[in-house]
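J.: Here it is: the structure, laid out below.
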């Protein structure tokens, strides 16, 4: 379909429509990040904020490959409409939820729709670009962050002051479909134009022949790898979610140290671990079109890229899962400023990404830039560690300036790119891991830390439960500078310090994975298998939906050759 938009003006029209759609869901996502914190706090389950994030990330990881395969079977126009429906229904449920369970249910439907829209945009933009322009094209849906970083703070402050978090989420059930109309029109025009071509008629004839004697539902069952998707959801969902639940007293009605004795916590963990061999067996031996192509993962260029995709979000979520809460409740930051600060990472990365995209058009290699970006994350984490440790519960401005610097440097070091649905799935698995680990550390350590600080400062220790479960209500009663507020601020600083230590350790793995990447030359072609003769690479033994995937290990990597030369001289 995208071949019908080969004319420059048609491409521009599609890019503008994609920008409008992405601007809407990006602003919604930024605001929903803020409103979700207030929603869980209003249920007195603030710590379950990360549990909702884990569920969303697992669903996103599973829905990416599903949408990718469905788009080849049913078309992008139909899937885009379905994605909008999921987005709207999930948004309505979230906005009207009166407990965290219903809020999480709405989040699942919203995430399915969001992931579908995101993937369809990324795939369409990738189809319209050559390899050396791919990074720049992939940043078009991210460009709205340049505006939203500054606009979102004013919008969030206005909505929370005049209305509520429920209103702030619900309005997008109307705004997003309206903003998607230009993109829907483009997809519809593509479909009509493609339907007039001989190639389209030939495809329809071939599909009709293939369907003869086949059961469509059975065929779709194997092509979507339904069992594999269910196993992935169960493995990651059952293993990660209990870590964020175990420390929540409201959800379990027990102390966090007793939670690990409960069947409702232990059982999902056991089931999740036991399902790992089943997932490996199914994907390796049974599945006809596996979601996890183990044959391709043997190449370092593939697994290193997936590890980086996973670790990028894993590292980011460690200090940033509770960043908004720390800024507002722990550093006395306004809603406007806190919303902007939490968006700085996206702002700087979106500024850096397109500029790097232009550089890659000429340089045509990415590995050195990725290694440099990983090194910058070490520095960024060091800055965050240093400044958060200086929080004394009173002088907050100095600490906030350090956080701003660290967030900007993380954005500068970030290099994002979308090569396939598997990359996006790994990216979301990283989100799930980061949310789960940060949530586990927060829920297990924070309640006692707040209580200890209150006891040391002579405050009422019984207030620790309220401060932990509903911090945004708590800070309305206890102003900045009071002993009760200082105890909370110091507890936040200490737990954040531990979270950043974990992130620093993960940065080591991130850098090692970057060195293991292949450094392919990005020629002016659509994909790598067009850039070299297949004899120079390795023919992929892995069929994906009837096609043979080529693993191109011919990369002529200057960095790898440099290190090989060092070892040879020794």
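Numbering starts at 1 and runs along the chain as displayed.
Glycine is no exception: its Cβ is also placed from the backbone N, Cα and C atoms.
Grabbed the feature section from TrEMBL, which reads as follows:
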- 12-35: transmembrane segment (TRANSMEM)
- 79-97: transmembrane segment (TRANSMEM)
- 103-121: transmembrane segment (TRANSMEM)
- 133-153: transmembrane segment (TRANSMEM)
- 165-188: transmembrane segment (TRANSMEM)
- 220-245: transmembrane segment (TRANSMEM)
- 265-282: transmembrane segment (TRANSMEM)
- 302-318: transmembrane segment (TRANSMEM)
- 338-361: transmembrane segment (TRANSMEM)
- 368-387: transmembrane segment (TRANSMEM)
- 499-517: transmembrane segment (TRANSMEM)
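Could you place the listed features in the three-dimensional structure?
T.: Sequence-distant neighbours of the transmembrane segment (12-35) (same chain, 6+ residues past either end, Cβ-Cβ under 8 Å): 5, 87, 114, 117-118, 121, 124-125, 128, 140-145, 147-149, 151-152, 155-156, 159-160, 165, 168-169, 172, 175-176, 179-180, 182-183, 185-186, 324, 335, 338-339, 342-343, 346.
Using a Cβ-Cβ cut-off under 8 Å and counting only residues 6 or more beyond its ends in the same chain, the transmembrane segment (79-97) has close neighbours at 25, 39, 67, 70-71, 103, 105-117, 120, 166-167, 169-170, 172-173, 176-177, 180, 183-184, 187.
Residues 47-48, 50-51, 54-55, 58-59, 61-62, 65-66, 69-70, 73, 251-252, 259, 265-266, 268-269, 271-273, 275-276, 278-279, 282-283, 286-292, 429, 432-433, 435-437, 439-440, 443, 545 of the same chain sit 6 or more residues outside the transmembrane segment (220-245) yet have a Cβ under 8 Å from a Cβ within it.
Away from its own ends, the transmembrane segment (499-517) comes close to residues 300-301, 303-305, 307-308, 311-312, 314-315, 318-319, 321, 366-367, 370-371, 373-375, 377-378, 381-382, 384-385, 388, 437-438, 441-442, 559 of its chain (Cβ-Cβ under 8 Å, at least six residues beyond either end).
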J.: Six or more residues out from either end of the transmembrane segment (265-282), which same-chain residues have a Cβ under 8 Å from its Cβ atoms?
T.: 227-228, 231-232, 234-239, 241-242, 245-246, 252, 259, 290, 292
